[in-house]
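Worksheet: the structure to be examined is printed underneath.
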Amino acid sequence: MTLRIIQGLGAGAEISGAGTMLAEYAPKGKRGIISSFVAMGTNCGTLSATAIWAFMFFILSKEELLAWGWRIPFLASVVVMVFAIWLRMNLKESPVFEKVNDSNQPTAKPAPAGSMFQSKSFWLATGLRFGQAGNSGLIQTFLAGYLVQTLLFNKAIPTDALMISSILGFMTIPFLGWLSDKIGRRIPYIIMNTSAIVLAWPMLSIIVDKSYAPSTIMVALIVIHNCAVLGLFALENITMAEMFGCKNRFTRMAISKEIGGLIASGFGPILAGIFCTMTESWYPIAIMIMAYSVIGLISALKMPEVKDRDLSALEDAAEDQPRVVRAAQPSRSL
């Protein structure tokens, strides 16, 4: 359990780091689509893991898999880890960071660590994360298990639907990134969260109804997954990177994502299980998807437009510009 928690924290921080790096490397007008590559990378990882486990099930018996076969994918991941470490060690700092670091421009006094929790931008970012992470936990984790274990669906229906949806995500994700470069970050966020709110109930009513053909159920699951999860993930990294100032971008982005993800996706499936058991229905799943999406929608409506914002700016986007008091070297610290 401890190792799994550490892995989750490390993966979340790495996604924030990659999102920050791509945003600061990308030119204005193309930040959205370039930063969406982070989401596509996560998509690749999900599909690769699914393919590897399918291969293991194909070549090994159940007894062999349980006895020793399950270790092979985890040991093989060392190769990926070594490559990632090599890449990090040979990667230069972004042009934005180097520009600010060399400019000696006046800046505000370093803020204390706890000040991030008084930042409007920080809580807006956390709210945006609620919509994506909460829906991800409910749809990809809880709903898939609920269909198989409670409603006794064929396991292939949710598994194949989510795999197809992830493949379609290679179109959804860059499209939303490109669209955000054209019309801004707020409007796509508003559209995707509103779509999730509107579609949650009708799509869930189809997904849980065995009277529909499996293909119809899979289409409904693919639609809600792309709207409520993948579409929001495409927008998340660039929006948060542009929302924070250069002195605290990485730190505040990572922590807001981790807090939002931990609360929404960590407790969401547990609460959904409790509520579904109490009510003996699927209604709580749809209601929770709508609730998470409402939080994301409110955050999108409250946030300022950050498209093509100056990434060398010191202040966070939703804050008033601080009073300049002295010169200091910028850093990645709070």
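Cβ atoms are placed via backbone N, Cα and C, with glycine included.
Note that TrEMBL annotation is computational and uncurated.
The feature domain 'Major facilitator superfamily (MFS) profile' is assigned by TrEMBL to 1-308. The annotation transmembrane segment is assigned in TrEMBL to 33-60, 72-89, 161-180, 187-208, 214-235, 255-275, 281-301.
Contact check: the transmembrane segment (33-60) against the transmembrane segment (255-275) gives fewer than three Cβ pairs closer than 8 Å, residues 6 or more apart, which falls short of the contact criterion. Within its own chain, the transmembrane segment (187-208) is flanked in space by residues 128, 131, 135, 143, 147, 151, 176, 179-180, 216-217, 220-221, 223-224, 227-228, 231-232, 235, 239, 282, 285-286, 289-290, 293-294, 296-297, 300-301, 303, which lie at least six positions past its ends and keep a Cβ under 8 Å from the stretch. Residues 32, 36, 39, 42-43, 128, 131-132, 135-136, 139-140, 143, 153-154, 157-158, 160-162, 164-166, 168-169, 172-177, 180, 185, 188-189, 192-193, 195-196, 199-200, 203-204, 206-207, 289, 293, 296 of the same chain lie 6 or more positions beyond the ends of the transmembrane segment (214-235) yet place their CB under 8 Å from a CB of it. Sequence-distant neighbours of the transmembrane segment (72-89) (same chain, 6+ residues past either end, Cβ-Cβ under 8 Å): 14, 49, 52-53, 56.
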